[in-house]
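Taking it in order: structure first as C-alpha cells, then the write-up.
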Amino acid sequence: MSDKLVHLNDDNFQQTISQGVTLVDFYATWCGPCRMIAPIVEQLSTTLQGKAKVAKLDIDQAQSTTADLQITSVPTLIVFKDGKEVKRVVGVKDLDYLLNLVQSFT
C-alpha cells in the first residue's frame, strides 16, 4: 500500500481532515466493491500528492466516526475541505471521475 495513503481511525480522523482538501474512502474489508476501488484510491494518493490528502477509514475499526457521519453504504467517498464535508459519493467510481471531483476543491 502506498505510504502516501493515510490510514484513519477515530483518534486521528478530525486532525487529518482539519486542513486542506482530503478525500476519505470509507470501506470494509468484507466489501467486494471496496476491494475494486482500492487500487484507484491508491493511485489517487500518488497523483494528488502535494495537492490533497487521500485517506482510508475501515468502518468496522472506526465505528464512532462512521456513525457520526452516517455512513450507511460502502464504499463511500467523502471530500472534506478544512474539516467540512463538501461532497459525498457512494459506490465505485473511476479514476478520472474521482480525480476531477477532488481537483474541483483544490
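Quick reminder: no glycine exception, Cβ is built from N, Cα and C everywhere.
Automatic prediction, not curation, is the source of TrEMBL annotations.
Because the structure is a prediction, the values reported are computed rather than measured.
The active site, nucleophile annotation in TrEMBL covers Cys31, Cys34. The disulfide bond feature in TrEMBL is assigned to Cys31-Cys34. The domain 'Thioredoxin' annotation in TrEMBL covers 1-106. What TrEMBL lists as site 'Deprotonates C-terminal active site Cys' is Asp25. The annotation site 'Contributes to redox potential value' is assigned in TrEMBL to Gly32, Pro33.
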### Summary
Using DSSP three-state counts, the residues of the domain 'Thioredoxin' (1-106) come to 36 helix, 30 strand, 40 coil
### Task
Measure from the CA atom of Asp25 (site 'Deprotonates C-terminal active site Cys') to the CA atom of Cys34 (active site, nucleophile) and give the result in Å, rounded to a whole number.
9
### Summary
Rounded to a whole number of Å, the separation of the Cα atoms of Cys31 (active site, nucleophile) and Asp25 (site 'Deprotonates C-terminal active site Cys') comes to 12
### Query
Just how many other Cβ atoms lie inside 10 Å of the Cβ on Gly32 (site 'Contributes to redox potential value')?
8
### Query
Ranking the active-site residues Cys31, Cys34 by other Cβ atoms within 10 Å, which is at the bottom?
Cys31
